[in-house]
Amino acid sequence: MTQVKPKEVDEISLQLVVGLGNPGPQYANTRHNCGFMVVDRLAQRWGIPLVLEKRFQGSYGEGFALGGKRRLLKPETYMNRSGQSVRAVLDWYKLDLASVLVVYDDMDLPLGRLRLRGSGSAGGHNGMKSIIQHLGSEAFPRLRLGVGKPKGSQDVVGHVLGGFAPAEQEVLERVLDVAVEAVECCWQEGLRTAMNRFNPLDLSGPSSDLDGSNPAPGHGEASS
């Protein structure tokens, strides 16, 4: 893998938000599709239609919002080949790696937590593995949304391709709303400010504070 020195977070100017997931209605509300959910909310909020683009192997849209041009992408390749779609968009528009923000689910974070970073490894996520492989670098921003680990005897694939329990749905809605705010903060105020503002939040409780006053303590076939 080509080693590219990550840019400082203050240098990053976002051009594209990528949400990861699996295509098809049977996967629409699964844990593994949290990235799709965020991009869908951004598209609705910004009035940007998402259209299937064969050249990008994904649903793509662009328009003006927050005072500038915004691009959104949902790879339709299934999770394990997400990098093909992201690479195609970067090549077509000549975008810098550091201008891409990837949104995806993360089992290492509990439901109710989210985490912004300027770079990093795939952490076992197959969609991120594919993107890192196709981009040849880990030096791009990402927003991880916690979905928690499997409970009891449930396996990993069953967990990430499973839906949210009714008791989890309220927390999920809060997380998705705050994820949209975090993306907009990245665009308007920069990644460093967004990291400081949103990474400490714990949205898991019924009275979770969204202002930071309640911080947390110090997969062709549907693919996982």
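Here the Cβ of each residue, glycine as well, is placed from N, Cα and C on the backbone.
All protein chains shown were included, and the count of other CB atoms within 10 Å of the CB of H32 (active site, proton acceptor) stands at 27. Per Swiss-Prot, active site, proton acceptor is recorded for H32.
Annotation note: Y27 (tRNA binding site) sits in a helical segment as assigned by DSSP. Over all protein chains present, the Cβ of Y27 (tRNA binding site) has 20 other Cβ atoms lying within 10 Å. Feature annotation from Swiss-Prot assigns tRNA binding site to Y27, Y78, N80, N126.
The annotation compositional bias 'Low complexity' is assigned in Swiss-Prot to 203-215.
The region 'Disordered' annotation in Swiss-Prot covers 203-224.
Annotation source Swiss-Prot lists site 'Discriminates between blocked and unblocked aminoacyl-tRNA' at N22.
Neighbour count (other Cβ atoms within 10 Å of the Cβ, all protein chains): 26 for D105 (site 'Stabilizes the basic form of H active site to accept a proton'). Look at Swiss-Prot and you will find D105 tagged as site 'Stabilizes the basic form of H active site to accept a proton', backed by sequence analysis.
Cα proximity to Y78 (tRNA binding site) (within 10 Å) is found for the following recorded positions from N22, H32, D105: N22. Note: the Cα of Y27 (tRNA binding site) and the Cα of D105 (site 'Stabilizes the basic form of H active site to accept a proton') are spaced 13 Å from each other. On a Cα basis, D105 (site 'Stabilizes the basic form of H active site to accept a proton') lies 12 Å away from N22 (site 'Discriminates between blocked and unblocked aminoacyl-tRNA').
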